[in-house]
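Under the heading substrate binding site, Swiss-Prot lists Arg27, Gln28, Ala29, Gly30, Arg31, Asp77, Tyr154, Thr209, His327. Marked as site 'Transition state stabilizer' by Swiss-Prot on the basis of sequence analysis: Asp77.
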Amino acid sequence: MTELKNDRYLRALLRQPVDVTPVWMMRQAGRYLPEYKATRAQAGDFMSLCKNAELACEVTLQPLRRYPLDAAILFSDILTVPDAMGLGLYFEAGEGPRFTSPVTCKADVDKLPIPDPEDELGYVMNAVRTIRRELKGEVPLIGFSGSPWTLATYMVEGGSSKAFTVIKKMMYADPQALHALLDKLAKSVTLYLNAQIKAGAQAVMIFDTWGGVLTGRDYQQFSLYYMHKIVDGLVRENDGRRVPVTLFTKGGGQWLEAMAETGCDALGLDWTTDIADARRRVGNKVALQGNMDPSMLYAPPARIEEEVATILAGFGHGEGHVFNLGHGIHQDVPPEHAGVFVEAVHRLSEQYHR
């Protein structure tokens, strides 16, 4: 494989010295960019864009042409795994993702296959290989998956949810069915991420978008336990380099200590967690990624820079910080403001790495 020209992101995740704090943005390939909208229109719809390796590669690279980002992230969706299990994913205008056959009971779970990542999810691996080739070693490529709990919420609710009553009903009334589903998902996600690593992903991230809707005890049993299983099953070395793993539970700031015990390399923080506090609690064990409120990108440039400076000062001197937003960039943010953000992170962080 090509020599990596900028490995700042991978080094920071392993808490090794870097010259400046690396930065990337969740959903950096997305609807805030006019060029993304044009490519998506060319593809026809969102899943067609995900399933076309050349177009998925094009949108992955678009933000890197605009901004000096320190990592590329595979353009895909967390719902590729349930889609490959045969749930019939489709997108309803204004409603987001839906499934034609949601999981309602243990019998439904028993019927679900564990997808072969090189077969049913082969289009994702093709995209990873294509992107790695086109990156030419400029920056590392991040692979990702949704967490078992987060994928299960969509599969049981039949799509997006606000109250999560359907899956919580299963959790409390039929926990066996939910554990069976989560176990199957943990196996599927482990295979899926390992296939991404084999195809060329140089780091992986597990997005637990909905872990924060659980009580502490339920989080341990129904979300963290299964993420821990995945971390245990991942290939951690490829191409002679360590493959760092980041766990991100949105709304999970109160559980950082437990998350750091899983053996992951880094934790993603949302914007509701104080980064100085997070570093005090777990900084001797894991790197931290985050954590500016994505809505801050609506602010004038000077205010964005001020917020970047505050977060950098909060983390302080030394290694183990990857700058990011606390969740995905919003679709109506001015692209220039994202540029201000990225440039400010590099310029203002230098003093913390001397």
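Each Cβ is built from the backbone N, Cα and C atoms, and glycine gets one as well.
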Check your understanding: Where does Tyr154 (substrate binding site) sit by DSSP, helix, strand or coil?
Key -> helix
Practice item. Run through the Cβ atoms and count how many others sit within 10 Å of the one on Arg31 (substrate binding site). Key: 14
Revision key, fill the gap. Within the same chain, the residues at least 6 apart in sequence whose Cβ is under 8 angstroms from that of His327 (substrate binding site) are Met26, Lys250, Asp270, Trp271, Pro294
Exercise for review: Enumerate same-chain residues with a sequence separation of six or more from Tyr154 (substrate binding site) and a Cβ-Cβ distance below 8 A; give 'none' if the list is empty.
Suggested key: Leu79, Pro82, Pro97, Phe99, Ser160
Check your understanding: Taking DSSP three-state, what's Ala29 (substrate binding site) in: helix, strand or coil?
Key -> coil
Exercise for review: Rounded to the nearest Å, what's the C-alpha distance separating Arg27 (substrate binding site) and Asp77 (site 'Transition state stabilizer')? Just drop the number here, would you?
Suggested key: 10
Check your understanding: Ala29 (substrate binding site) has how many other Cβ neighbours within 10 Å of its own Cβ?
Key -> 25
